[in-house]
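So Swiss-Prot has the following annotated:
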type	residues	note
ACT_SITE	C173	active site, thioimidate intermediate
BINDING	202-225	NADP(+) binding site
Amino acid sequence: MEIFDYDNILLLPRKCRVESRAECDASVTLGQRSFRIPVVPANMKTVVNEDICVWMAQNGYFYVMHRFDLDNLQFVRDMQARGVYASISLGVKQPDYDTVDRLVAEGLAPEYITIDIAHGHADTVRKMIAYLKNHLPESFVIAGNVATPEAVIDLENWGADATKVGIGPGKVCITKMKTGFGTGGWQLSALKWCARVATKPIIADGGIREHGDIAKSIRFGATMVMIGSMLAGLEESPGQTVEVDGKLFKEYYGSASDFNKGEYKHVEGKRILEPIKGKLVDTLREMEEDVQSAISYAGGTRLMDIRKVNYVVLGGKNSNEDLMM
């Protein structure tokens, strides 16, 4: 098995078939909807809030609302009242089952539900998937996070409509340091490994540092990528604004950090400051244009044409130089 990550890979261009990158279609389908780009902001308190979710839904982007200190029922009511889709996160504890029961009782069916726990290859996830499929069969269920083909196979067999791949590769995740487990440093290889057995969409979660990493994720089997740090340092980001030496930053912390949990227990995340680097609309537009450029370099016109290109594995501490044809 090859071991590499985003900075070890470059994709090889093919003959261009378009006159302008604007001719390339960067959209992707997930469930019953098509979205403008294969990018979803991480479902974290310092990345998304209700205002961002509403804006994204109204403008053709996918979102997943976080599950912390949130009334999921009220959120679903509000989104449906605005005439946009609802996409929520759940855990696997009793209050999450209670939330499902209350949604059913009120006739509220979120279009997307993400089962969001750190180690998603678990019997607790199997039970929650079964409960959702029994009580909210119309909802599209995303389950994670996982890191192995065995986990992807199990989650799909248990009924998940998509899986989320990535354990600890994110900027504020310290799982690999705290536990010795995870995909930090080889997230792209893990994605490739998992995609070989997947029959349903994969969301690659974590480790994205540059816009080009989106195209690399698509090449190795992702349908969509979940991005945290690059979308945490925006003017609209919910994290607290902090001034350091005259420069403005946004607070960004992991979902398993003590900052998020409010207690120092089972901590696998940390807090950092992200420089404020612009507005959400401009960042997403730039991402779309860069994905369109990637499609043109791939010699294609649609997003999945990127999967047809060859790639080079660059020399690095985790890989050997190699040309994959």
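Even glycines carry a Cβ here, placed using N, Cα and C.
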On the three-state reduction of DSSP, what should I expect for the residue listed as 'active site, thioimidate intermediate'?
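In the DSSP reduction, the residue listed as 'active site, thioimidate intermediate' maps to strand.
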Between I214 (NADP(+) binding site) and C173 (active site, thioimidate intermediate), find the distance joining the two CA atoms and give it rounded to the nearest Å.
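I214 (NADP(+) binding site) to C173 (active site, thioimidate intermediate), Cα-Cα distance: 20 Å.
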Measure from the Cβ of S217 (NADP(+) binding site) and count the other Cβ atoms within 10 Å, all protein chains considered.
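Taking every protein chain into account, the count is 30.
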If H, G and I count as helix, E and B as strand, and all else as coil, what does DSSP give for I214 (NADP(+) binding site)?
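Its secondary structure by DSSP: helix.
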Report, as a single number, how many Cβ atoms besides its own are within 10 Å of the Cβ of F220 (NADP(+) binding site).
26
